[in-house]
Each structure stands twice: as C-alpha cells, then as structure tokens.
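Here the structure is laid out as structure tokens; the discussion comes afterwards.
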Amino acid sequence: MAENTMAVTVAYGSTKHNITLTAQDGHEPLLKDLCEALTEATGVPVPSQKVIFKGKSLKEMEEPLSSFGIKQGCKLMMIGKRNSPEEEAELKKLKDIEKSVEQTAKKLEKVDGELTGLKNGFLAKELQAEALNKLDHRVKVASEQFMKILEEIDGMSLPESFSDCRMKKKGLAKTVQGFLAQCDKIEAGISDHLAKIQTKNLALAE
C-alpha cells in the first residue's frame with residue numbers, strides 16, 4: 001500500500017464501511033476527504049456527520065487524519081442522519097443549476113480572455129470595433145443567463161429543516177452574484193476600449 005493511501009473502517013449503524021483515501025497533490029488525506037468519502041458511501045451529508053475516533057468527535061476538517069492519530073487500518077464510528085428523498089431531489093436541482101453556472105462562467109472567461117487579447121493589440125485596429133461589439137453581445141447573453149439562474153435559485157422554496165440545501169442555495173446565489181459583477185466589469189472594459197478606439201479614429205480623421 002502506497003504511503004499516500006490510507007484505508008480505514010467506519011462503522012455507521014450496523015454497517016461497516018471500508019474507506020480507502022488517496023492523498024491529493026502529494027498531501028496526506030484530510031478529515032474533509034474522509035467525510036466526503038463517507039457521504040458517497042452512506043448518503044449522509046458532511047454537515048450532518050459526526051465522526052468519532054477513540055471516543056472523541058473530530059471537527060477540524062482541514063487537518064490531516066494523522067494529526068488525530070488515525071493510521072492505516074484504524075476503526076472509526078460515524079453518526080448522522082441521511083437527507084430525506086425530498087431534500088435529495090432539491091439538492092439534485094441545485095447540482096444541475098451549478099452545472100449551468102459553470103458552463104456560463106466558462107463562456108464569460110473566454111470573452112474576458114479575448115478582450116485582453118484585443119487590448120494587447122492582437123487584432124488590426126479597423127477590425128477591433130466590430131470584434132468588441134460581438135464581445136459585448138456575448139457578455140450580455142452571459143449576464144442574462146446568470147440573471148435567469150439567480151431567479152431560479154431565488155424561486156426555490158426550501159423548508160427550514162433542509163439545512164444542507166439551504167446552505168448550498170446560499171453559496172450558489174453568492175457565486176452567481178459574483179459572476180454578475182464580473183459581467184458588469186467586462187462590459188465596462190469593452191465600453192472603455194471602444195471609446196478609446198473611437199477617439200483615436202476621430203483624431204486620425206481630423
């Protein structure tokens with residue numbers, strides 16, 4: 001067994017789960033990695049988990065397992081409640097929305113990259129205005145998509161008890177708001193560059 005891999009046994013109810021963790025980027029497995037693996041194995045979301053080792057509840061997510069004295073072959077225990085099927089269905093909706101956010105963010109990233117290229121003069125001056133207008137249109141489309149996504153998130157009505165869902169919803173809304181702010185920033189950059197080109201063209205015309 002490679003030293004950056006660790007196998008432990010976790011008892012959950014009457015079931016024992018053999019969990020094998022592999023270190024990421026050469027770092028040893030963290031408590032967070034174990035909890036995420038337990039979610040996969042048991043369906044219990046991380047915030048609802050209580051992982052116990054030698055009678056002690058483990059809380060520091062970013063700490064390596066070795067710092068708690070956990071070694072290869074150790075036995076741990078977990079208590080926690082699975083989400084209801086209703087909450088799982090809402091979580092799935094949020095995961096689908098998350099995918100849409102990622103796809104739209106990639107499009108925005110592309111526009112940002114092309115705008116940087118234009119500013120660095122990678123296109124003949126006479127073609128820049130047309131290219132900038134096209135970029136502006138693409139940013140507006142991305143912005144509209146983010147607005148629709150935000151409306152969809154805001155429209156989700158979640159009961160108080162769906163804590164996992166509510167947390168994910170809040171985080172997702174914050175992410176989308178951040179991307180909307182980025183859209184505004186890119187649009188301002190495009191307008192700014194267009195104004196510079198038009199000023200130069202006027203000066204040349206005179």
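Glycine too: its Cβ is placed from the backbone N, Cα and C atoms.
Residues or ranges marked as domain 'Ubiquitin-like' in TrEMBL: 31-85. What TrEMBL records for 107-187 is domain 'BAG'.
Secondary structure counts, DSSP: the domain 'Ubiquitin-like' (31-85) has 20 helix, 13 strand, 22 coil. When DSSP labels each residue, the domain 'BAG' (107-187) comes out as 68 helix, 0 strand, 13 coil, counted as helix, strand and coil in that order.
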